[in-house]
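Engineer: Following this message is one structure expressed as structure tokens.
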Amino acid sequence: MGVAGPWVLRVGLGLGAFALLLQGLRGWLACKRYEFQPAEIAELARHHAGLDHELAFSKIIVELRKKHPGHILPDEDLQWVFVNAGGWMGSMCLLHASLTEYVLLFGTAIDTGGHSGRYWAEIYDTIISGTFRQWKEGTTRSEIYYPGDTIVHQAGEATSVQWSAGTWMVEYGRGFVPSTLAFALADTLFSTQDFITLFYTLRAYTKGLLLEASAFFSTLGC
């Protein structure tokens, strides 16, 4: 009892501190100002749905830079990077990233599917081309989405996902973005061991963070 007592106390204090940290983070996410709005990204993508995806993406990037100057990565920092996660394989091009938001282009040139992941973030996908099938946890039927549709993945939700070859979309995420990286990088670390892709992914996210830091300090006149 004498040995277990201090150990139990430390565990209890640790859990209490962690709970307070989570509560504080939740409050911060709820009250902070966000650069983007889900409806804005969805409407912009919907406007170009049905076009050739490369043409649509180029138009979307131009419009985002006009609406959010200083918050979209420059052309020289845009790179399509493979993503292996949850058993599926796709490719993403990061446009914007911070601790609480991201905007990226995502898709696949082959049929692929797997587990969506469960995040501390809300994710909005608006389809430009192809089809997206989603099977939600606790249900016995799947739904298919088409160009122009927006799929909302709520925080804490898990689904089965499947994309047909040639499916491309615009994705907006809002929440504690670093919490999504564990899932996004797990297959790379423990399955494919494609450490070059790991480097590309972390480099893109770092560039996004640095761009946001620069934008923040510019508002302070630094």
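Including glycine, each Cβ sits where the backbone N, Cα and C put it.
If you look up Swiss-Prot, you'll see 98-105 marked as region 'Important for ligand-binding'. Residues annotated as region 'C-terminal hydrophobic region' in Swiss-Prot, with a curator's inference given as evidence: 176-222. Residues or ranges marked as site 'Important for ligand binding' by Swiss-Prot: ASP125, GLU171. Positions annotated as topological domain 'Lumenal' by Swiss-Prot, on the basis of similarity to another entry: 1-7. The annotation topological domain 'Cytoplasmic' is assigned in Swiss-Prot to 30-222. Annotated transmembrane segment per Swiss-Prot: 8-29, in sequence order.
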Engineer: Go ahead and report the DSSP secondary structure tallies for the region 'C-terminal hydrophobic region' (176-222): helix first, then strand, then coil.
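Structural biologist: Final tally across the stretch: 40 helix, 0 strand, 7 coil.
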Engineer: Compile a sequence-ordered list of residues in the same chain as ASP125 (site 'Important for ligand binding'), six or more apart from it, whose Cβ lies below 8 A from its Cβ; state 'none' when nothing qualifies.
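Structural biologist: The answer is PHE106, PHE132, THR150, ILE151, HIS153, MET169, VAL170, GLU171.
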Engineer: What average pLDDT is reported by the model for the region 'C-terminal hydrophobic region' (176-222)?
Structural biologist: 89
Engineer: What residues in the same chain, six or more past the boundaries of the region 'Important for ligand-binding' (98-105), come closer than 8 Å to it by Cβ-Cβ distance?
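Structural biologist: For the region 'Important for ligand-binding' (98-105), the sequence-distant neighbours (Cβ-Cβ under 8 Å, at least 6 residues beyond its ends) are 29, 32, 34-36, 41, 57, 60, 64, 72, 92, 168-178, 208-209, 212.
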Engineer: Using DSSP, how many residues of the region 'Important for ligand-binding' (98-105) fall into helix, strand and coil, respectively?
Structural biologist: 0 helix, 5 strand, 3 coil
Engineer: Count the other Cβ atoms sitting within 10 Å of the Cβ of GLU171 (site 'Important for ligand binding'), across every protein chain shown.
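Structural biologist: I count 21 other Cβ atoms within 10 Å of it.
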